[in-house]
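Going by TrEMBL, these are the annotated features:
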type	residues	note
REGION	411-433	region 'Disordered'
TRANSMEM	30-49	transmembrane segment
TRANSMEM	61-82	transmembrane segment
TRANSMEM	137-158	transmembrane segment
TRANSMEM	221-241	transmembrane segment
TRANSMEM	263-281	transmembrane segment
TRANSMEM	293-312	transmembrane segment
TRANSMEM	352-374	transmembrane segment
TRANSMEM	380-403	transmembrane segment
Amino acid sequence: LAQSLLALFASSLAISLVFAIIPLCHNVVVLAVVMAVAGLAMGCIDTISNMQLVKIYQKDSAIFLQALHFFVGFGALLSPLIADPFLSDTNCILANGTANASSNLPHIRKSLLPHHPGNLSRYDLPMKGMVVTRVSYAFWIMALINLPVPIAVFFLLYKERMVPCFNGSSHPLLSADELALETRPGDKDELSTAAQRPHTAAGHEDLFSCCQSQNFRGASFTYFAVHITGALVLFMTDGIVGEYSGFVYSYAVEEPLAVVHKVAGYLPSLFWGFITLGRLISIPVSYRMKPATMVFINVVGVLITFLLLLIFSSSVVFLFVGTASLGLFLSSTFPSMLAYTEDILQYQGCATTVLVTGAGIGEMVLQLLVGSIIHDRGSYSFLVCGMIFGCLAFTFYALLVFFHRMYPKPSPELDEASPDKAAAAEDTGQYQR
């Protein structure tokens, strides 16, 4: 836990620093390095936050994962609204003798649209001069908004006596019944000593213990198959999130829909808005419904939505309806799949890392793939690709259910008597629900 909190503190602080530095980058190589650091920090936060929720809450983790990913969607919806007031037609480069360039900027933007190239020779496009922009304020505001996060994590580290230099007089923030879990009678006195014992349970030595080779000895084929198929489902579904939010605007403004650019600009916001709404709805739903059932509904819903989008591809109204529907069905796929897979694998925490990595790779790769296909085959291929990815996601989910049925279930007697189980119970402070 101390390693995880320290990593969260460093990563969240790095994000604030990166956002503060971005407006000061005047070289594309420096900007690329800064953005790479931001990507690493966000990847650490994503993996560690999911993994720790699974380890802490185990069978109850589905509700907390849904809440976590609701805030992910809420942030994705909120941040463009913060940046929007600082994006205006006055942001331009003013060179000597071209101070009126800002008045021509709307016309220049129209002339640069993909399907209306226009005659660019009529406009003077200065490449050198004083940069007039207010977009830097958006980055600095986001850096300030994020700053309370590392402060809060450091406060938690301090109160839990996990900061090396400040572990003397501070009292722990959380009591023995922390995280809404009650201790067994008579065990409260053992909590302080149990917390100080070495972590001897297999797979709990450090953040990377699940990657150690001894944990894979004697593992069955289905153990690896569950990891791989679960990661492939998220590879497809998170890839759909990335490619749809990235290219739905381009699809809408092209023929045959030819939606007005301002109206088409609402589509990504509508998509992320319904993802956020779906994650909010999924918090109480996940309390009543099994994660496997939720994933099945999500994957089938994505498949049906893409099928209807293909059938009604000439309808602007259904494009908006389908975008909202797709956002709802994709919203809870990641946390539900995470809870389902970890439930199969007895909450060892390793599946979380594999699934988060698979989802991140899918979001990156499928955007590149769909972008190149749209460039070569036209805008209609955008929906065809989504349909194919949806079919693959359903296929991999069916394989996951098949391997789940084949996966050996541990005997309750052996599970309670095993030294790993006893050590894990000792390591968590003898908690029970």
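Keep in mind that glycine also has a Cβ here, set from the backbone N, Cα and C atoms.
In TrEMBL, annotation is done automatically, which means it is predicted and not curated.
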Paired segments the transmembrane segment (30-49) and the transmembrane segment (352-374) in contact, 3+ CB pairs under 8 A: yes
Intrachain residues whose Cβ lies under 8 Å of the transmembrane segment (293-312), provided they are six or more past its termini: 233, 237, 240, 282, 285-286, 318-319, 322, 325-326, 328-333, 336-337, 340, 383-384, 386-387, 390-391, 393-394, 397
Tertiary contacts of the transmembrane segment (263-281) (same chain, 6+ residues out, Cβ under 8 Å): 66, 69-70, 72-74, 76-77, 80, 241, 244-245, 248-249, 252-253, 319-320, 323-332, 335
Stretch in 61-82, 221-241, 352-374 most in contact with the transmembrane segment (380-403), if contact is a CB pair under 8 A: 221-241
Long-range environment of the transmembrane segment (137-158) - Cβ separation under 8 angstroms, sequence gap at least 6: 2, 5-6, 8-9, 12-13, 15-17, 19-20, 22-23, 79, 82-83, 86-87, 166, 170, 173
